[in-house]
Amino acid sequence: QFFVFCHGLLQLSQLLVSGYLKSSISTIERRYGLSSQTSGLLASFNEVGNTLLIIFISYFGSRVHRPRFIGCGAILVSLAGFLMSLPHFITGPYEYDQSVASMFSNTTDLCQPGLPGSQGNFSDASCTPHAARENQEVLLVMFIAQVLLGIGGVPIQPFGISYIDDFASERNSPLYLGILFSVTIIGPGVGFMLGSAMLRFYVDIDKVTGEVQQLTNKDPRWVGAWWLGFLVAASLVALSAVPYFFFPREMPKEEVPGPAETSDFPVVLLRNLRHPVFLLVVLAQVNLSAMVAGLATFMAKFLERQFSLTASLANMIIGAVNIPGAMVGIVVGGAILKRFQMSLRQCSAMCILGMFLCLLVAFPLLFLGCPTQKVAGVTYGESSEFGHHTLECSLQCNCPEKAYNPICGSDAVEYISPCSAGCKVVNINADNSILNYTNCSCISENGLMGFAKPGTCGTGCSHLFLPFVVLSCLAGILASTSHTPSFMLILRSIQPEDKSFAVGIQFMLLRVLAWMPGPVLYGSAIDTTCILWEKKCDKKAACRYYNNKLFRQRYLGLQFFFEVGAF
């Protein structure tokens, strides 16, 4: 029982590392200028290290000192977690365009006519070969950390489960495994909650004093302390690893052992892959897993953009609403199975019914959302041919092309920077935060010059937020009711001695066909809907503005496509 407790703790903290990465992915994108395709690849890269080794490990399971292997794996996972936060410490402070000269930069992005080119181009100054190399180093470190995370995670689940199953009584084993299983679902939820807590702090909380800090967490340039959660999670993993080095190689079994299993690798593989029920159920699970992979990785980003939420709130919703919803679905599915002692045919009928209802609920989601806010020169106004965001009214300002410091005009149009709106004056509150911008030549109200407030105008979509969350949570509950019956279909339709191996093949296929390509596919789809890219060293970096309608249709459309596939 102490082993089960330790293993629950370890699995929780291991999933905290990978779940936390997903919660901070949109922040890391913004901080290091990544496209969603790159961040999707990053998010799924831990599966690479995992997949390479999982089959061997499952096969050699009973021949090694399992607790010690688990302990070593956990140490690797912990190292990977610390490595994930390293980029923060090797790169300089986060730089963003400001209207008030600070100790970092004396340039401002106000309209200063008559000073041709005096402002210099904002982001060009930072485009030294060193800066470009620094970004590659950051990516390299993170990808290596992800591979280590995958490799370290390999022994943890299979060895833990087989160790418990070997030495627990037949009666208690399902209970113990059920406890561990529920932990694996809670884990990512806790990861998102941790993300929600950490992203409220400013990224350079350890490098700058509060006095210079002009951003609020509602600002689209806000970057939260993404690295902090990795330190927390990695420390937890390191702590959980300690007891494993003191467990014995074998324990006295709680009751009588069953016959030993022996089988031949290639024969079993072919026998299972030719099994129609096994194959169809696994394909359905591949579709569902691909949907979940994309959902988990980019749902927070979607909520941030579609409903103008802060990263912190978006993670809060996922961790407190969507993931518990999926848990409820899994539990309800299992309870129905147990209560009605279902046959295999009834199991498959239940899967189909669950998915069908899920489709009905998920379809309206495609229509719940709003278009992108009006952004002068980007989605709206005289020159919306992209790449040329100079507005006539601010031509005399000689604006730096790349400046990004969005403001919301009193005409309800968003401008990329105060300069592009032709604002000449900035007014500051007592606490050094910006009150508003005035004398803006592009913003006119009743023939007078308008003013602007710092920050984005937002999509004005808050009234649709609640129905969206309710429906998506309901769809999640319905889809996950099919989880347990689909597992039962696999376990009961194949030969008993192939069980552990079949589950190994199943996880292998899910990884290769769903968890690895899923986030990359979703990320690429999201990238196609970007309408204004940040440029770093003349290369595309992170996306500033998406076409929200296309973003919604492609992101949720892909999700719907996989749900239909599973059905």
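Heads up, the Cβ atoms here are built off N, Cα and C, so glycines get one too.
According to TrEMBL, the feature domain 'Major facilitator superfamily (MFS) profile' maps to 1-567. For 41-62, 69-90, 138-163, 175-203, 223-247, 277-300, 312-337, 349-369, the entry in TrEMBL reads transmembrane segment. The annotation domain 'Kazal-like' is assigned in TrEMBL to 387-441.
Two recorded stretches are said to be in contact when at least 3 C-beta pairs lie under 8 angstroms, sequence spacing 6 or more; the transmembrane segment (175-203) and the transmembrane segment (349-369) fall short of this definition. Away from its own ends, the transmembrane segment (138-163) comes close to residues 3, 7, 10-11, 14, 17-18, 21, 28, 32, 34, 38, 42, 45-54, 57-58, 61-62, 66-67, 69-70, 72-81, 83-84, 86-87, 90-91, 177, 180, 184, 500, 504 of its chain (Cβ-Cβ under 8 Å, at least six residues beyond either end). Taken together, the residues of the domain 'Kazal-like' (387-441) have an average pLDDT of 80. With helix defined as DSSP H, G or I and strand as E or B, the domain 'Kazal-like' (387-441) counts 9 helix, 19 strand, 27 coil.
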